[in-house]
Amino acid sequence: MTRDAFGNDFCWGVSTAAYQIEGAHEAEGKGASIWDVFSGTKGKVKLNHNGNLACDFFNRYPDDLELMQQMHIPNFRFSLSWPRLLPQGFGRPNKAGLAYYNRLIDHCLELGITPWVTLYHWDLPHALEKQGGWTNRAVLDWFEEYTTLCVNQFGDRVNHWMVLNEPMVFTGAGYFLGVHAPGRRGFGSFVPAVHHAALCQAIGGRTIRRLQPEATIGTTFSCSYITPYRPEEKDARTVRRVDALLNRLFLEPALGLGYPLDDLKFMRRIEKYMKPGDEDLLPFEFDFIGVQNYTREVVKHSFWTPFLQANLVPARKRNVPYTLMNWEVYPESIYHMLHQFSQYANIPKLIVTENGAAFPDQVLDGKVHDPQRVAFLQQYLQQVHRAKAEGVKVSGYFVWSFVDNFEWAEGYDPRFGLVHVDYETLQRTIKSSGYWYRDFLQGKATL
Ligand code: BGC
């Protein structure tokens, strides 16, 4: 099957995020983000890696965009760094930050690459975290001010917006488990962070719509197909709870269905943070939902695990193929999630805004041969096509990621790029998967 099988109007692209690629963490008036502080704290990130330099995309974007053009990639998803634009989180904007994103957006357009911009991909200004970050309801105003600035500054050239990247991951890992920035733990932080992120998701959408009525507006969700470890009723009930937490917690309020509290009784304390009228503020009619899928989760009931009473059974223990992230390679997961999301009555169109894999890539004689990643992308895309052929409204696919980059708590070891980055020299080398994607996009390679 070639690219044509997906239709002419299917959007193809690659995804990245500011903190993972830009570097220049203190350049030209940028404020600190929670990730600058977290990665600068010993023991938080593997090998104490940080994003201070990352891929130096801040300086190297002209070359990187030219590489993207040579690879025939028509759409580029990247995020804006809130503290680069508003070092204090609100108030006076940083002119140099505005100028940088203006240059980046203009350069994309000059090369015929369409920018798809995420407002928030996890790098909250540290100044705001000092005031409670996502747990402080004032974030609703801060986020609206930030969104307004971005749309007023870039909306004349950016037509595709995504409000949040994976709210479940940044609230769960950052405010409940403490393994991502800002490293807070427990229900007392998690529950208000969830509610405020869900409200900001809709506030962001409404703000963009008001200022730029013609814009295409989405938001993105992490999702994994959840299956039971054993054919037992208690594992089936566990599947429903984990699915509600990982796949439905942010999607359903956005669709006007409220939080899935029937399947997540322990989340009922979220009602404590709800102010009169909040129910009406949670929904927003997005133009698309970004689906971000990498793997599936196999779960079993566990009496001893607090709240969720579930354990994930790692791929390693199940004798199945898995990536460097220890995530099972399970292409059908994306097919099932596209179907699951498309079953909601008022779901807008779906776009796969992230999918990809980390494998141990090596440069040999100036080349990076990564057949596992080529096979991974082909198999997942076959499943996207299968869902589309069955009537699911899926209209785009973005590979995570364009270049190898800073993989959050895992540091630089897991490489997800179509393009290899040598972190000593910062040299870029297109991997076989990058060449395959290029050829596929030109209709010359198949799935
Ligand atoms: C995130 C990316 C991350 C990728 C691989 C997604 O959860 O949006 O920032 O690098 O998955 O872990």
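The backbone N, Cα and C atoms fix where each Cβ goes, glycine too.
TrEMBL entries are annotated by machine, without manual review.
Residues or ranges marked as active site, proton donor by TrEMBL: E166. The active site, nucleophile annotation in TrEMBL covers E354. The substrate binding site annotation in TrEMBL covers Q20, H121, N165, Y294, W400, E407, W408.
Distance noted between the C-alpha atoms of E166 (active site, proton donor) and H121 (substrate binding site) is 8 Å.
A simple way to gauge crowding: the CB of E407 (substrate binding site) has 20 other CB atoms within 10 angstroms, across all the protein chains here. Take the binding-site residues Q20, N165: by the count of other Cβ atoms within 10 Å of each Cβ, the lowest one is N165. E407 (substrate binding site) sits 14 Å from E354 (active site, nucleophile), taking the CA atoms of both as reference points. Cα to Cα, Q20 (substrate binding site) and E354 (active site, nucleophile) are separated by 14 Å. Cβ contacts within 10 Å of H121 (substrate binding site), excluding its own Cβ and spanning all protein chains shown: 24. Summarising the environment of E354 (active site, nucleophile), the number of other Cβ atoms within 10 Å of its Cβ, over all protein chains shown, is 24. Separation of the C-alpha atoms of Y294 (substrate binding site) and E354 (active site, nucleophile): 8 Å, rounded to the nearest whole number. The residue listed as 'active site, nucleophile' is 13 Å away from H121 (substrate binding site) when you measure Cα to Cα.
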